[in-house]
């Protein structure tokens, strides 16, 4: 397994729409494993393939404290959503920035697992929020898209400043 490079906003590759996975095979499983490795290395709880410049409908999630409840969503479909909630979300592609994002409280999804077996999942709370956040990535949407243009511009400026400082340090 290897750690992949995470794309950072405003990289336009984050806006690409992911294609459905045609066949879950060894190559897809390797991508899934590398995505988990990357997510854990970056201390995240979810990662969409788009964020590592793989434009296929693959999501990995693990919201557990012990990093032992891996969830793989290949070609996820939202079947139902209900209620309203929201938390201050962060994103590995938008480092050190957080914002309140409105989300459905409960979701029901259908997807394929790491072995290509179909399953349905009904959930709420942090897992439901994380699923919605990662599914947004698959259609080129970021949490900053839910913000006002002014807030979005401020975040972009902060990230550009951070990138310049990091470039100088290296």
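Heads up, the Cβ atoms here are built off N, Cα and C, so glycines get one too.
Swiss-Prot has this to say about the protein:
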BINDING   91, 133, 137  Fe cation binding site
ACT_SITE  134  active site
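What surrounds the Fe cation site, by Cβ distance within 8 Å of the Cβ centroid and not counting 91, 133, 137, is the set 46, 48, 51, 89, 92, 93, 134, 136, 142, 143 from the same chain. A gap of 9 Å separates the Cα atoms of residue 91 (Fe cation binding site) and the residue listed as 'active site'. Its Cβ taken as reference, the residue listed as 'active site' is surrounded by 24 other Cβ atoms within 10 Å in the chains shown.
Residue 133 (Fe cation binding site) falls within a helical segment according to DSSP.
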